[in-house]
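The next block holds one structure in the form of C-alpha cells; read it before the comments.
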C-alpha cells in the first residue's frame, strides 16, 4: 500500500509539474526504494502518545505521502535533465550495436551482488525503444515487450543469456563438483546437480553464482566478463531470442519459433560450457579457492559447533528442545529444519522482524544484522548472504525459497 501510494503520487505528480515527463519504470523503482525504508522505520513508532490514529502504520502512510510530494518537487525539476542523459545512453547503446549489448551483459552480472542490476534491466527490458505492430497498431516499449510484439530487431539484451544460463553455469557447477575433495564430492555433486538443472531449465542462476561470488570474486569477475562476451557474440552473429521469465530451456523452447537463428545458441552454449568448465576447474585448483567441498576441516568443525549452539538457542526460543529438532530425522521436514537453522543464524527469532521472499531470496528485516552468523546460515543451506544495511538482509536460498519462508512464518508468526 505504501509503495503504491508513493508511486501514484510521484508518477502523476511530475506530470502535473511538466506534462512532457515520463518516468516510467523509474517511478516504480524509486517508490519501491523509498516506501519500505520509511515504513520499516516508522511502522512501530508512537510519537503522538494517546493519539493512536497517527501512530505506527498510519504514521508510515502519512510520512510516505509527504515524502512522495517532496520527490515530485525534486524530480519535476531535475528529471528532464536525467531524461536527456538517458536519451544519450539510448543513442550510445543503439550505435554501439553488439558492443553495447556486451557492456550490458557485463554490468548485468557485475551488479548482482548489489541488487542494482534490476535498475539496468528494468530500463532496457521495459522502457528502451518502441515498436508499433503494423497489423494491430499496438505500440510496445522495451526489449522484452518489443520482441513479443514482433519487432525483428528486439532480443538484443536477452539472447546472450541463453548460452550462459543453460550451458555455461552448469559447466561451472560440474567443475566445482570435480574440484571438491573426494570425501565431499558426492554431497557437493548432489547440490550442484540440482542448481545446474534449475539454471538450465528455468534460467534461475543466482544459487549457483552465490556459491562462488563472495568466496572467489575474481572467478565471479571472469563470469561477468564472459557473459558480456556471450552477449557480444550472439548479437554479432545476428541471433535474436527473448524470454518471458529468464533464459532457461522453458523459454528457449516456447519462443524458439519467434527467434532468429535461435538454433545457433546450442553450439555456442556448448562451447561456453567447455570454456567455463576448464577455466573454473583450473583457477579453483591453481589458487586453492574454497568453493563448496574444498573448505578446511577446521573451518567445517567450527561451523558445525556454531550450528549446534545456534540450533539450541533457536529451538529454546521457539519453545521446543533440541530433541524436537532431529536433523535429518522424521519429526520435521527439510524446510522446517532449514527454517530453524536460518533462525539460529539470524541471531534467534527475537532478532527477526519480518519475513518476505522473491524468486530465489529470503528478504528479511532484522533488528540488528551484526548478530548474524554467516557460518550458521551457510551450514543450514544458504547459497549466499547479503547485508543491505543494519536492518535488512537477504539470504540466497534457491527456487524453493517460498517453502522455507512459509515455515519461518509458521514458526515465528512474522
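Glycine is treated like the rest: Cβ placed from N, Cα and C.
Going by TrEMBL, these are the annotated features:
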type	residues	note
ACT_SITE	358	active site, phosphocysteine intermediate
DOMAIN	1-296	domain 'PTS EIIC type-1'
DOMAIN	336-414	domain 'PTS EIIB type-1'
TRANSMEM	20-39	transmembrane segment
TRANSMEM	59-82	transmembrane segment
TRANSMEM	160-180	transmembrane segment
TRANSMEM	187-204	transmembrane segment
TRANSMEM	236-256	transmembrane segment
TRANSMEM	262-284	transmembrane segment
Have a look around the residue listed as 'active site, phosphocysteine intermediate' and count the other CB atoms within 10 A of its CB, chains all included. 12
Going by DSSP assignments with H, G and I as helix and E and B as strand, what are the residue counts for the domain 'PTS EIIB type-1' (336-414)? 34 helix, 21 strand, 24 coil
Model confidence over the domain 'PTS EIIB type-1' (336-414), averaged pLDDT: 86
